[in-house]
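*Asks:* Quick one: the structure is below, and I'll ask about it shortly.
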Amino acid sequence: MITAAGHTHVRVLIIDDESFVRKSIANLIAHFCHNVKLVGEADGVKSGYEAIRKHNPDLVLLDIKMGDGTGFDLLRKLDDIDFRLIFITAYEEFAVQAFRYSAVDYLLKPVDPDDLVNAIERASKQMIAEQQFNLRALETNLATHESAGKKIVVKTLESIYLINQGDLLYCESDGSYTTLKLRDGKSIFTSRSIKDFEELLSPGGFYRLHKSFLINLSAIERFDRSEGGSIVLSGGHKIPVASRKRDKLMRMIDSLDE
């Protein structure tokens, strides 16, 4: 989201089943929200789900009642909501439910331009604050080497493994299960969630750069700019980088040259 010049650039996706509403919101953004890039539009739950996976937006402007379901149906389909939300709807009665998803705002149609600009500005400030916090965490993690020899205990149906953190390349989520990939090529499948491993390993130099991947920062060999961006780890393992995580990671990599 943060450009090399330090300016905010919010990637926005509009999901609404009425084409004239999407066009109206897009026009408001074009005229009043100069720090915004509209990356796509969708007209329902199914197309919205596909658009989120394709575009990895920073911010989603989401309708509630649509032809093939509700905005809440869409959110429940996602493994991880790694974007900010602004609900734009004709119905007042869903506000409480909307804010359970930590919505930035809940705007009623027809949308007031000032309300939209203010909501997007709040979302932008939240994202900047989160980036700064995560950048400090990354700096701390990259500077932490003493944890490499610490062991974690991983239980499977057949065995109990004691694994040096330094021997672990990455964790990959598979629903509520996780596959651990080790430097020696071994893979370990466990019923623990990737969220559990994120909480366990983040203080020791691991970073979740995608909803499905937690990587060992010390194993990074290069950043590949092709195909939207990916990290290549030791052994040639290529890991995708979520768009919201990319700028944080690139700023961290750039800081290593300073």
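Note: Cβ is positioned from N, Cα and C throughout, glycine not excepted.
Reproduced below are the annotations present in TrEMBL:
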- 11-124: domain 'Response regulatory' (DOMAIN)
- D63: 4-aspartylphosphate (MOD_RES)
- 152-255: domain 'HTH LytTR-type' (DOMAIN)
*Asks:* I'd like the per-state residue tally for the domain 'Response regulatory' (11-124) from DSSP, helix first, then strand, then coil.
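*Replies:* Split by secondary structure, the domain 'Response regulatory' (11-124) comes out as 49 helix, 30 strand, 35 coil.
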*Asks:* In sequence order, which residues at least six apart in the same chain have a CB under 8 Å from the CB of D63 (4-aspartylphosphate)?
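*Replies:* Within the chain, D63 (4-aspartylphosphate) has Cβ neighbours under 8 Å at I15, D16, D17, E18, V21, G71, F87, I88, T89.
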*Asks:* Counting by DSSP secondary structure, give me helix, strand and coil numbers for the domain 'HTH LytTR-type' (152-255).
*Replies:* 33 helix, 47 strand, 24 coil
